[in-house]
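So that you can see what the record holds, here are the features copied from Swiss-Prot:
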{"type": "ACT_SITE", "residues": "Asp374", "note": "active site, 4-aspartylphosphate intermediate"}
{"type": "BINDING", "residues": "Asp572, Asp576", "note": "Mg(2+) binding site"}
{"type": "COMPBIAS", "residues": "1-13", "note": "compositional bias 'Basic residues'"}
{"type": "COMPBIAS", "residues": "14-26", "note": "compositional bias 'Basic and acidic residues'"}
{"type": "REGION", "residues": "1-31", "note": "region 'Disordered'"}
{"type": "TRANSMEM", "residues": "39-59", "note": "transmembrane segment"}
{"type": "TRANSMEM", "residues": "64-84", "note": "transmembrane segment"}
{"type": "TRANSMEM", "residues": "102-122", "note": "transmembrane segment"}
{"type": "TRANSMEM", "residues": "134-154", "note": "transmembrane segment"}
{"type": "TRANSMEM", "residues": "291-311", "note": "transmembrane segment"}
{"type": "TRANSMEM", "residues": "322-342", "note": "transmembrane segment"}
{"type": "TRANSMEM", "residues": "630-652", "note": "transmembrane segment"}
{"type": "TRANSMEM", "residues": "656-678", "note": "transmembrane segment"}
Amino acid sequence: MSNNKKHQNHEHHSHQEHENHTSHGNHEHHHHGNFKSKFFISLIFAIPIIILSPMMGVKLPFQISFTGSDWIVLILATILFFYGGKPFLSGAKDEISTKKPGMMTLVALGISVAYIYSLYAFYMNNFSGSSTHTMDFFWELATLILIMLLGHWIEMNAVGNAGNALKKMAELLPNTAVKLIDNNQREEVKISDIHIDDIVEVRAGESIPTDGIIVRGETSIDESLVTGESKKVHKTHNDDVIGGSINGSGTVQVKVTATGENGYLSQVMGLVNQAQNDKSKAELLSDKVAGYLFYFAVSIGLISFIVWMLIQNNVDFALERLVTVLVIACPHALGLAIPLVTARSTSIGAHNGLIIKNRESVEIAQHIDYIMMDKTGTLTEGNFSVNHYESFTDELNNEEILSLFASLESNSNHPLATGIVDFAKGKNISYATPQEVNNIPGVGLEGTVDNKKLKIVNVSYLDKSNFDYNKEQFTNLAQQGNSISYLIHDRQVIGIIAQGDKIKESSKQMVSDLLSRNITPVMLTGDNKEVAQTVAEELGISDVHAQLMPEDKESIIQDYQSNGSKIMMVGDGINDAPSLIRADIGMAIGAGTDVAIESGDVILVKSNPSDIINFLSLSKNTMKKMVQNLWWGAGYNVIAVPLAAGILASIGLILSPAVGAILMSLSTIIVAINAFTLKLK
């Protein structure tokens, strides 16, 4: 867990520093295995129909007929219509019941018209005594249903693969774990029988069964499949581990801290599913267009039928145009254009430690002008080392001043506090338990140690309260990149401590990448101006706001937004919550296993600045795929529907219902495959 996550609400600020893959049409309840089995069983019924029934009245070389063969065709076609056509008939019923007719209704209309008219043709040819032969559509019906089933089987496979990364995450957790019971006895139990505070043993190469803390042993953990962290992470006593990560070479004993739905993986999958079910503006638009497409297709189909009846007075040809228009129109390709990309995008993000909670953030990311970042823990490591400490009173020596600093900070998890306490421990300097400790927002904290009322404050507090202090010493230490805190007792400055933080290796590259994208990085920090400027100059950041109170960050974001600029704020999900909410995109960095942060639109599990660029890249690639799919889904229908209606019949370009079904299936498959090719970078 990152340090900037741990400091909770300790406003020490230097002391101030401190994204179901979607509903696929109306056949979401069908598993691709159902379409597969239906296809092969339907194939058994369809082959005799194809052999015994002429195509559009034209007998093909391989076709045969004999006395009673038309009865066999009728019986097999009826079975095929109700069995093979069932998914489409059921889907149409669902769509109509929700008053959202779409692809399933169009297909159901197409096969129903073909079947009913073929029944009429069968009656006319066998019972009416008419000398004229009425052409049936049994051949078209059989090929239509076969192609539709095959298309949906392939499509469901492609759709399933779009969310594959999420599926892989779900498979990371083992089914059993080795639990330690009385007298260190080991017992293999089901994961469902593991409870909080149980101790489990994980051997080399095994998956960590639950989130927990190592209580014995040390190892290297492979978290690549869980958080996207490519390097193995060394873990030892008291370190957090994530369920689903892979243990390296050592055997460790882990105390369980979260199970089931409270575990990291479950939270991530829940957030991703929620994000995938929320509709973005682009998706709402595509849904609307897909809805209109049904009425457009039916209208064009009926118009084409009437026009061809007037032109040719040929019911067979006119009916063929109607059926072809109904089956070639594909609102499904349009309806899936965005959800499939979203399923792929949010899954890839989760797999790489980028949890996209708010889908609209992906769209907004294309228009970001400024990215505002906290300094400590975002641009810097947040691991402070003490570089200088000194007493300003004859009554206390330097070590005693250090002890008072450590005492007052001992209950805090803020990075500065942790740095002081760890330094005191390293020098074997004892410290007392503080009493009546309170945060002073944007300043530091106050409390009582050994009956002394003390305050730890920053330089802004000294200036505002007119304290006398050595300004030359402050400037020298600050220019070296130190965060400086002062100890006050009885309105006297009695001590100083200076702590240095290290800039993260990937911060400079991140800033460079932002500038190359015409995005301006802005540093917002509670630290002193000298430290802020030193870090900013090293990173190449020209826009710096220092010595800020927590509420100042939010008002700065508002100021930038008032000029029409789009802002992304990157910071701690707890202390920076108001700023994250105020920004157009709030990105909580270094969440660790606590991904259920309310204030972030995007949650970065790691504290790696390069993930900011990864999010921007993923957003850009996602939008590119969405636009491609929308153009394909809309463009296909604009071209295919008029062709099916016979607009180019005068030059001999006529599409049969079977070809229409092939094109319709291909349109959806192309959209699915295009979504599947989405990559992080």
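Just so it is clear, glycine is given a Cβ too, placed from its N, Cα and C backbone atoms.
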Can you grab the distance from Asp572 (Mg(2+) binding site) over to the residue listed as 'active site, 4-aspartylphosphate intermediate'? Cα atoms, rounded to a whole Å.
8
With a 10 Å radius around each C-beta, find which of these recorded positions (Asp374, Asp572, Asp576) has the fewest other C-beta atoms nearby.
Asp374
Region pair the transmembrane segment (291-311) / the transmembrane segment (64-84), three or more CB pairs under 8 Å
no
Report, as numbers and ranges, which residues of the same chain sit near the transmembrane segment (102-122): CB under 8 Å and 6 or more residues beyond its ends.
25-27, 70, 74, 77-78, 81, 85, 87-92, 94-96, 134-138, 140-141, 144-145, 148, 290-291, 293-294, 297-298, 319, 322-323, 326-327, 329-332, 335, 657
Roughly how many angstrom lie between the C-alpha atoms of Asp576 (Mg(2+) binding site) and Asp374 (active site, 4-aspartylphosphate intermediate)?
8
Taking residues 6+ outside the transmembrane segment (322-342), which of them lie with a CB under 8 Å of any CB in it?
21-25, 102-103, 106-107, 109-111, 113-114, 137, 140, 144, 148, 158-159, 162, 275-276, 280, 282-283, 286-287, 289-291, 293-294, 296-298, 300-302, 304-305, 359, 622, 625-626, 629-630, 632-634, 636-637, 640-641, 643-645, 655-657, 659-661, 663-664, 667-668, 670-672, 675-676, 678
